[in-house]
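A.B. asks: Checked TrEMBL, it gives:
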type	residues	note
COMPBIAS	A:1-16	compositional bias 'Polar residues'
REGION	A:1-20	region 'Disordered'
TRANSMEM	A:34-51	transmembrane segment
TRANSMEM	A:72-98	transmembrane segment
TRANSMEM	A:118-140	transmembrane segment
TRANSMEM	A:152-171	transmembrane segment
TRANSMEM	A:191-213	transmembrane segment
TRANSMEM	A:246-268	transmembrane segment
TRANSMEM	A:280-307	transmembrane segment
TRANSMEM	A:314-339	transmembrane segment
Amino acid sequence: MSTVPESKTNGETTLSSEDEGHTSLAKRLAGANTLWIGVVLLLLIAVFGAIRPDAVLTTFTLQTTLVETSVLLVLAVGMTFVIITSGIDLSVGSVLVFSGVTSAMTMNAMSGGDATKAGWGVVWVGLLVALVSGAAWGLLNGLLIAKSKIPPLIVTLGSFGAALGAGQLISNGSNVAGVPEVLGNTLGTGTYLGIPNLVLLAAVVAAIGALLLTTTRFGRYTYAIGSNEEAARRVGISVTGHLMKIYLLAGVLAGLAGFMAMAYFRVASVTGHDTDNLNAIAGVVLGGTSLFGGAGSVVGTVLGVFIPAVLRKGFVILGVNVYWQPIAVAIVLVAAVWFDQSRRRARNQR
Amino acid sequence: MSEPLLEARELVKHYGSVEALRGASFTAYPGEVVSLIGDNGAGKSTLVKCLSGVERPTGGTLLFEGEPLELTSPTDARDHGIETVFQDLAVAPDLDPAANLYLGRELRKPGVLGWLGVLDKHEMRKRAAEHFYRLGVSLQSIDVPIAALSGGQRQSVAVARSVAWASKIVFMDEPTAALGVVQRERVLDVIKRVRDEGIAVVLISHNMPEVLSVSDRIEVLRLGRRVARFKGPDTSVEELVGAMTGALTQEDAA
């Protein structure tokens, strides 16, 4: 392997150091999808900004848009890994609810029924409970998908219903109040240098996710399994183990998202998360991750989740009927998938 | 010739009541291309599966460098320097050639970063480029996904990958099937270079002219037994076909 290249034979154009120039070009082409999504996002902001500069380009508008999207972003980071393995996780919104409920109820139980005045010790336990709750559902998904070979769509459709049902059973079908004030005031609505803490946490999660995916062996295996599961298995990659870790990761992040949502709304809500899974999937796919697996990026996902958010905010500010938002998102989504498909077809034609 | 690298003696393999191998023998020497030919159902694939650790023979012995060997899995075979190129391209089409070359054997950065699982992409890319260069695998760019390469280039990458890790012997099951003429020449060229590095190449092929052009030796299987052995240069298609169909037999072959 490490032998120095010997003399060239039969005059073929072989690799040489001059192809360094191709690297940046090839990388740019590969990132073209992400680039386009970024352009679309900037265009949207520019158009809304040009129409109502006074309302759109304010700190308040930007802050609220970011905060409202940060919980979804954490779900979407996990979803990116799942979709790159050519899987899907429909359960994230329900796991979010379940984790919020178990976390809030544990904190209440530790504080004699109402945790509003509880201290940091209780909050940390609450965080742990949320993460473990998410991990448990993720592990269950992973076991059924990787070990029992049941299609991810069916498994997570099951846990989508089961996790929500379990959450409502535990909370008797109602929202759980009594979230500690220290949590709400810091993680929920606090800021650091003008940036909401919730947004900072989501940014850290996204950054770690991006590094994990692009620089580590874990990320490389994620792409390999999504690209050709059989090839990955034949070179000795533990496909079963890796898929378990992927769904575990998605579950843990859903648990964290549940904790974040609870901190922000100061209540563990059992309603309003029915379409979180679809919103996360839409963000991931808009960001250029392929539903066929093997390709995608967290950076794309970050841009992707903001497109629906910016559309919604823009429509509200412009006074457009807000019901246009899902229609607009649907059009962009279908266009994005069509674009991805035709690009792949063109590439595979050789 | 020198001592055999890999020798199978009287291998038997049953699948239920079906006898795929009925005392098949096979020999491979270091630094040679030996072709394994036979009609459909002669037991070629089964024999290769037994020799590469995918299947365990029901009976018979396997000698590796003169020592008895039992292969329990393909990973076990790989640890002995035995690699296999599969008939269907077992590559990840969305990953680039360097990533495919190092798939499952990634190099990691030294120190804490490596402990965290961070890959040394630069080093892998550099070594992959050297390796492809050495084998004469020509690629316009090493940074494009495999899916963007032509069929011949893809197969060359698959061959180059197994060769990179095979220190002793490579099995290639129909490596040129579904390739064009130019692409086929390219793969055969890679095979010859591999041999020149002292590695034994076992080629399974249905293409007689191809077998004759590239092989140092040829072994023929028929109905689960070795029925003939030829020296590559001084044999003909007629002789090979005769041995495959049973029209010609060599008494000492089995």
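Think of each number as a place in line: the chain as shown, counted from 1.
Glycine too: its Cβ is placed from the backbone N, Cα and C atoms.
Whatever TrEMBL says is automated annotation, not expert-curated.
Note that the coordinates shown come from a computational prediction; the quantities given were computed from them, not determined experimentally.
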A.B. asks: Please figure out which one of A:34-51, A:246-268, A:314-339 racks up the most CB pairs under 8 Å against the transmembrane segment (A:72-98).
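C.D. replies: Between the candidates A:34-51, A:246-268, A:314-339, the best contact partner of the transmembrane segment (A:72-98) is A:246-268.
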A.B. asks: How about the transmembrane segment (A:191-213) with the transmembrane segment (A:280-307) - do they touch, taking at least 3 C-beta pairs under 8 Å (6 or more apart in sequence) as contact?
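C.D. replies: When sequence-distant Cβ pairs are counted, the transmembrane segment (A:280-307) touches the transmembrane segment (A:191-213), since at least 3 lie under 8 Å.
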A.B. asks: When each of A:152-171, A:280-307, A:314-339 is checked against the transmembrane segment (A:34-51) for Cβ pairs under 8 Å, which one has the most?
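C.D. replies: Most contacts with the transmembrane segment (A:34-51): A:280-307.
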